[in-house]
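The active site, proton acceptor annotation in TrEMBL covers His137. The Zn(2+) binding site annotation in TrEMBL covers Cys145, Cys150, Cys229, Cys232. Positions annotated as domain 'Deacetylase sirtuin-type' by TrEMBL: 10-340. Look at TrEMBL and you will find 195-217 tagged as region 'Disordered'.
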Amino acid sequence: MSDESSQDDEVTDDPQLKSFHTYLKQCRKILCVVGAGLSQSSGIPTYQLQKGTWKGYTSIDLATPEAFQTNPGLVWLFYSNRRYIAMKAEPNKGHIALTELAKRMKERRKEVFVVTQNADGLHQRAGQSDVDLCELHGSLFELRCTSFFCTYKGRNTKDLFLTPSLRELTPRDVGVKRRLRDQLPALGKRRKKLNTPIGKKEYTENEDSLSSSDFDPLPEIKEEDLPHCPECHEGLLRPGVVWFGEPLPLMDMDKVDKFFAPQEEGTNDHIDLVLVIGTSGKVWPAMGYVERCKQSGGRVAIFNTHIEDKDKVRKDRTVWGFEGEASEWLPRALEPVIGKHFK
């Protein structure tokens, strides 16, 4: 018997997986809460991997309304880099398995709803219907005008870069330190004002002390070279993501609440199962969804590279914990519904 067959048999014989399969077949209503761990398998970095920074800048420097107001060029370089990485990535087996789960359940007049904390658009590219999806933290591909008098909202999933300057200056890496002369070849030896974590500074290529520093100085982009509103032609566009200090979108929160509510008044149409995927599920609002499900008699399955309180999870008969890559576990765990060979 081959090693691959042995591994498959070992997984199949897992009593926890068998127990989950038995319960899954009975479920009529499933909520999926997805975090960054699923997209990590597609090559999209997480803040945790980069120790909470991007080229020396923290989330406070890059992902707040105040940061955008102070330095929109720096913020757009960051989000242009994230858009680039997301568009180069491909949905993995986990994304596809979730899409297939929603499709097969709907065919059987059952329900699946996906709440994702990821803004990378990989669920849609895997075929997930917007009807069954809530992007709780927004999308890298949504654009909003920042002008007070303009209500423009748009979506751009075609262009890798939104302006010529962003095309020229957006870093193509995933946050790994690089020498400045490699990052900014287009600048030549001209002196440029650069954004650095310690303020603005002038630089020439001969100043090797900066190029070998602990951060990547980034070029300053003029406001006129950033994305502008195609409707009012005055306001700057901003990424349609939820920044720190901003509330989660009420419309999306309402979509989740409606999924929890019974279809018909007086019926016991509760959520049978919450799949917690690529996240610990211990951060609000994911934790709230898990608790609401358990209180109404539902169960929880966690798919994550690291599961906290493993001993507690093993003893809890209402929780399954599958430790490892969620992209590898999901096709196996959902097999009773989606089959072995799905497209």
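Residue numbers in this text run from 1 along the chain shown.
Heads up, the Cβ atoms here are built off N, Cα and C, so glycines get one too.
Sequence features annotated in TrEMBL and their locations in the structure.
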residue : record                       : Cβ within 10 Å
His137  : active site, proton acceptor : 17
Cys145  : Zn(2+) binding site          : 23
Cys150  : Zn(2+) binding site          : 15
Cys229  : Zn(2+) binding site          : 19
Cys232  : Zn(2+) binding site          : 13
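Compute the center of the Cβ atoms of Cys145, Cys150, Cys229, Cys232, which mark the site for Zn(2+); besides them, the chain residues with Cβ within 8 Å of that center are Thr146, Ser147, Phe149, Thr151, Tyr152, His228, Glu231, His233, Glu234, Gly235, Leu237.
Taken residue by residue with DSSP, Cys145 (Zn(2+) binding site) is part of a strand. Model confidence over the domain 'Deacetylase sirtuin-type' (10-340) stands at 85, taken as the mean pLDDT rounded to a whole number.
The secondary structure of the residue listed as 'active site, proton acceptor', as reduced to three states from DSSP, is coil rather than helix or strand. Here the CA atom of Cys229 (Zn(2+) binding site) lies 22 Å from the CA atom of the residue listed as 'active site, proton acceptor'. DSSP assigns Cys150 (Zn(2+) binding site) to coil in the three-state reduction, placing it in neither a helix nor a strand.
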